[in-house]
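Record features, source TrEMBL:
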- Gly517, Ala518, Thr519, Gly520, Gln521, Gly522, Lys523, Ser524: ATP binding site (BINDING)
- 1-14: compositional bias 'Polar residues' (COMPBIAS)
- 15-26: compositional bias 'Basic and acidic residues' (COMPBIAS)
- 30-41: compositional bias 'Polar residues' (COMPBIAS)
- 242-252: compositional bias 'Basic and acidic residues' (COMPBIAS)
- 253-265: compositional bias 'Acidic residues' (COMPBIAS)
- 499-704: domain 'FtsK' (DOMAIN)
- 1-41: region 'Disordered' (REGION)
- 234-300: region 'Disordered' (REGION)
- 59-81: transmembrane segment (TRANSMEM)
- 121-145: transmembrane segment (TRANSMEM)
- 157-176: transmembrane segment (TRANSMEM)
- 196-222: transmembrane segment (TRANSMEM)
Amino acid sequence: MAQPTTSPRQNTLRRNADRNGTEPRPRINNGASTGRSSSPSFNWGTAIDRWFTDQRSTLTLGVLLMGLAVGLLVACVSYLLNGPADQSVVGAAFSEPLAEAATETRNWVGLVGAYVAHAFVFRWFGVGALALPIIVFLAGYKLTFGKELLPLSRTTAALLFSAVWSSLLLGYIVLVTNSAETSSVWCGGIGYELNVALYGLFGWGNLAFIAFLLFAFVVYFFDVRNIKMPDVSALSRPRSPKRPDGTLHTYEESELEAEEEDNEPEPIIPSKAANQDKTTEPAPTYDHTVPVATSTPTADAISQSTGVTLTIKNRDAVFEDSVADPEELGATPAPTFEPDPFEDDDLVALHGLYDPTLDLPQYQYPTNSLLTDYQNSRKASVSDDELTANKEKIENTLRNFGIEIDSIQASIGPTVTLYEIVPAKGVRISKIKSLEDDIALSLSALGIRIIAPMPGMGTIGIEVPNKNREMVSMRSVITSEIFSNSKFDLPIVLGKTISNEIYVADLAKMPHLLMAGATGQGKSVGLNVLLTSLIYKKHPSQLKLVLVDPKKVELTLFNKLERHFLAKLPDSEEPIITDTKKVVNTLNSLCIEMDNRYNLLKDAGCRNLKEYNAKFVKRRLNPDKGHHFLPYIVLIIDELADLMMTAGKEVEQPIARLAQLARAIGIHLVVATQRPSVNVITGLIKANFPARLSFKVTSKIDSRTILDTGGAEQLVGMGDMLLSSNSDIIRLQCPFVDTNEIEDICEFVGNQRGYDDAYSLPEFVGDEGGQSDDKDVDLDNRDPMFDEAARLIVIHQQGSTSLIQRKLKLGYNRAGRLIDQLEAAKIVGAFEGSKARDVLVQDLQHLEEILKRLKE
Ligand SMILES: Nc1ncnc2c1ncn2[C@@H]1O[C@H](COP(=O)(O)OP(=O)(O)OP(=O)(O)O)[C@@H](O)[C@H]1O
């Protein structure tokens, strides 16, 4: 076929124009801008936002859009029917008076209708343009009635695609049939011109490309991931129409059965069976799910090709033999075919985003007034005289050792004053560093620290403790802008820097913190500060604390937070863990929680807790499949030394494992010790705690153990500390929070309505209790919930006591007995430490057989 070289569409338009004695006018754009610069005092963005949030505006706009949509639809239909007449009017538009053109137009929406329809239909999409008024109508409907007639984004995508695709397909047909003169209005300019342009290059390939576009659209739109061919041979096998429980078979089950039945004598073909014994046997029903992966996924198309009746539910096609009515056969719909609502965009439209804080909607964050205002009590006061005297002493000491300096500057911090000196040229830094003791002597002060050189400053710093130090109150840092506006995931305010700036860190980024300090130097206050920061910033649904306190007295005040913020083992009475054996179980339980969370993340296709929770909040994860909002878990261990002495490797290993792996799933560790020796802070632990904080320690060796450098032994106590993170060392003054304040905060939170119980960690049974012995379990005396528990385990394919506990609302001991019975019945495998037990039964049918046998 000869390939057209000029575009007959252009000829059509030109001819229509010529008939009226005119040429289509070129569009003139002189580039002049008509926009006025807005007045600086008026905020257009806010005004527009306000306009759109005003319901009167959305109602007006919605009705307008629906009206426009109807007008546009009528105009386009009219144009398709009266095309040539409207084309003449549009072509002559600029040459004759408007009134005259208006009388000539035959478009049902007048001259404007002719213009608009000419653009949409003739120039762009042809008949596909009819999709556009539908989109406008749907948008108008949503604005008017506040709800969607059809899912707006998906419908818009489908309609836009069909507009372009139909234009391309019709353009191809018009081109190859050489009928542009008469029919180009049906395909519009886009489809026709693109086909003209590509025909020379690809010829028939255009059609293949158009077909491929449809295929690609179907794949993405229906989220098709693989093409499974229906097993035609399976269709020819007779099937039991129902499962024992009356539900229909799934495709997978049918396949399994087919394998079993391969050994059976002779397969009976359904039609044959129906003919043989129509009166006595109900006709068999086939019910298979296959992913729809065809370019024409209509029920009719597939029904025709397979000869069975097909209905499409969600994205699965269900085949049914046309002679059998499942309801007649007493079948109930099988749950596997229920559409998964969590694959639907509209859940957010219907219910809004998931808000975890609605667990406790009345919850009030602790108020600032619960913290004592120490404002006037103690302020750092370094008088000018003291400053000048110190500067002189430093200069003189250095001069005595032959060191000249160019300048000296002081900045007063809460605990120490930093004197920054710029040495004269040629002075060796190490020489100044070696004079630490001499400078301390001349200033007659303890705790002088020399930082040579100051990182990134080009100076040498000498920290000299203030005679009157400032107490940094918790209230002053909690109420600071930097903390209240902090958007960190787990913000902790660690105190004030040497230049009086408030230092807020993100525990989630640290991601774990190791704390050391000799007794009485401020560790407990430091832990209280950390906990207070988190409690002030987080809702109980977003954060859970696991508190380990071998000293038994330090963290008891936080008991009151049990039903809000604390997490504990299911069988444990006390929410604060003090017993070493329980600590080991808790650490292992956290490892199980970590593994469970990783499984959830894997199922959800997320890399970390934030992504997972974001997906859950957008209602993209199905709670029926075990998904739930995951709160951060912060594990605080107040005295590691004690645990290491009593349990050694038993605590070291789970701590190291958690520290290595738990950051992505939102479990963060804060481990404190007063003895930072190498047998407490072992290499394994140290390597996994990049952020370390040291209060004053007793020796340089301890300082090295915790910080990998000296300096912590020079601190002046009472919350004076060094934080080492990302290889930087910062000196900070920890805020002070008193036990009365902690008591008030915990009372304030604890007196509010909380959860029914503390957050339940997965159960972990230590070696001595974990091994169940088949012989001890009497299967004739099964728990009344045995069948239900077995089904639960098989459906979830998870051999976990806590699952039984949670779903069947049973106590720990009863759930434990049930799991032992399930093990004895060979439904779950043996106890395997921190891992969930294997489930030995793969499907419900197999399970029902086992349950039946047990009852015999
Ligand atoms: N940030 C601080 N600001 C002012 N004073 C503080 C600060 N931190 C601690 N102190 C003072 O030091 C005392 C001891 O602090 P803390 O109880 O925290 O020590 P510790 O290191 O936990 O001791 P231990 O290991 O014996 O429990 C506090 O009672 C308080 O007077």
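Each residue, glycine too, has its Cβ placed from N, Cα and C.
Around Ala518 (ATP binding site), a 10 Å sphere centred on its CB holds 21 further CB atoms from the protein chains shown. Residues from the binding-site residues list (Gly517, Ala518, Thr519, Gly520, Gln521) with a C-beta closer than 6 Å to any atom of ligand 1: Gly517, Thr519, Gly520, Gln521. Comparing the binding-site residues Gly517, Gly520, Gly522 on other C-beta atoms within 10 angstroms of each C-beta gives the minimum for Gly520. Remark: Ser524 (ATP binding site) has Glu554, Asp638 as non-local neighbours, by Cβ distance under 8 Å and separation of at least 6 in sequence. For Thr519 (ATP binding site), other Cβ atoms within 10 Å of its Cβ number 10.
Neighbours of the ATP site: apart from Gly517, Ala518, Thr519, Gly520, Gln521, Gly522, Lys523, Ser524, residues of the same chain with C-beta atoms within 8 angstroms of the site's C-beta centroid are Gln674, Phe695, Lys696, Gly717. Within the same chain, residues at least six positions away from Gln521 (ATP binding site) with a Cβ under 8 Å of its Cβ are Phe695, Lys696, Val697, Leu715, Gly717, Met718, Gly719, Asp720. Note on the transmembrane segment (121-145): residues 13, 58-59, 61-70, 72-73, 76-77, 79-80, 83, 87, 152, 155-156, 159-160, 162-167, 170-171, 184-192 of its chain, located 6 or more positions outside it, place their CB under 8 angstroms from a CB of the stretch. For Lys523 (ATP binding site), other Cβ atoms within 10 Å of its Cβ number 25. Looking only at the domain 'FtsK' (499-704), the predicted model's pLDDT averages out at 90.
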